[in-house]
Amino acid sequence: MNYSPGLVSLILLLLGRTRGDSVTQMEGPVTLSEEAFLTINCTYTATGYPSLFWYVQYPGEGLQLLLKATKADDKGSNKGFEATYRKETTSFHLEKGSVQVSDSAVYFCALS
């Protein structure tokens, strides 16, 4: 897979679980300029208080945990990415202030 300098390709997928609990990512593939601000939206439907996760899969590599939050208002952060567990809006949006070509990957929102 070739990447043009200055562009970041993000392919967005989703993971969920059974029993009616689910996560939703509305965006499809996204291409951004380097140093652009990134937001990947993730909303969920669940009973109780699930643990929320962002996973990343870089080209040619396996799935890796990027960050997690286990209770409302927890903020996960790693490698410049952040996401805050918002129970009131049932969201766990992934953000990064300045993306790089090295951020090109597939990003998965999940709950447990």
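Note that Cβ sites are derived from N, Cα and C of the backbone, with glycine treated the same way.
Going by Swiss-Prot, these are the annotated features:
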type	residues	note
SIGNAL	1-20	signal peptide
DOMAIN	21-112	domain 'Ig-like'
CARBOHYD	N41	N-linked glycosylation site
DISULFID	C42-C109	disulfide bond
Model confidence for the domain 'Ig-like' (21-112), as mean pLDDT, reads 94
For the residue listed as 'N-linked glycosylation site', list the number of other Cβ atoms lying within 10 Å of its Cβ atom.
15
Here the Cα-Cα span from N41 (N-linked glycosylation site) to C109 (disulfide bond), rounded to a whole number of angstrom, reaches 9
Hey, does DSSP put C109 (disulfide bond) in a helix, a strand, or just coil?
strand
Neighbour count, 10 Å Cβ-Cβ cut-off, for C109 (disulfide bond): what number do you get?
26
Local backbone state of C42 (disulfide bond), from DSSP in three classes:
coil
